[in-house]
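Summarising the annotation, Swiss-Prot assigns ATP binding site to 80, 81, 82, 83, 84, 85, 86, 87, 88, 89, 90 and lists sequence analysis as the type of evidence.
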């Protein structure tokens with residue numbers, strides 16, 4: 001048997017729609033995997049009752065099929081489904097890394113990314129790598145069709161998860177089909193700023209680079225209290241605030257000493273909007289780990 005821990009992730013980060021992603025130190029999924037004649041899955045943990053154990057309907061089953069690596073896989077969910085924190089990606093990433101090791105497939109971490117992305121497509125409907133890439137490789141990632149660029153970073157973050165469900169499919173439904181050139185230019189500049197900030201480990205630059213005027217405003221309408229929470233986080237010291245992935249998690253970049261105040265402010269703001277929430281004081285960290 002092999003045990004794998006794969007982290008939650010934050011995709012998009014505002015200006016990097018479908019391209020940027022970051023691994024979070026917490027929360028995480030833990031998978032226990034052992035060889036078998038056919039793939040079977042057991043799911044426990046956060047939101048497990050909403051996750052199918054049928055291998056044909058579960059991300060890890062698709063990964064096992066792609067690697068020709070049948071196994072009994074126990075998934076302990078630490079990342080809530082429909083949270084905007086890459087829940088299905090964490091399981092797919094852990095399965096890819098664990099099965100690659102267990103069956104001695106010899107694939108690199110980067111080579112595992114498209115396999116895990118195909119697995120995640122079972123849930124999200126499309127093979128996007130912006131979550132699986134950082135969950136496998138760690139740090140900050142830029143996922144393109146021709147490969148992944150990865151940068152180690154340790155930017156402090158607060159991820160505030162409200163008790164609201166926003167599915168990836170619903171969130172994609174509000175994405176504009178086109179945008180004014182002025183907005184596109186602004187977002188390109190912000191994305192470049194964020195990438196430089198990651199390379200420099202500079203929370204101020206990362207926060208500035210999170211600004212987005214195309215996708216985020218549309219998705220914000222799906223999150224009750226978003227603008228109030230964003231303002232509260234900024235007033236408490238956040239350098240930037242945006243929606244994590246498809247939402248509803250709201251993520252704030254900050255300096256390390258401000259995380260507690262920001263987390264408290266975001267929780268209070270959601271509470272004022274009548275929404276219960278949980279805050280993770282975290283940071284950009286490692287990818288999937290074998291035990």
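Placed from the backbone N, Cα and C atoms, the Cβ positions cover glycine too.
Sequence-distant neighbours of residue 90 (ATP binding site) (same chain, six or more apart, CB under 8 Å from its CB) are 6, 7, 8, 9, 28, 29, 78, 79, 131, 135, listed in sequence order. Of the chain residues outside the ATP site list 80, 81, 82, 83, 84, 85, 86, 87, 88, 89, 90, 8, 79, 131, 245 have their Cβ within 8 Å of the site's Cβ mean position. Using a 10 Å radius centred on the Cβ of residue 88 (ATP binding site) and all shown protein chains, the other Cβ atoms total 25. Taking all protein chains in view, 32 other C-beta atoms sit within 10 angstroms of the C-beta of residue 86 (ATP binding site).
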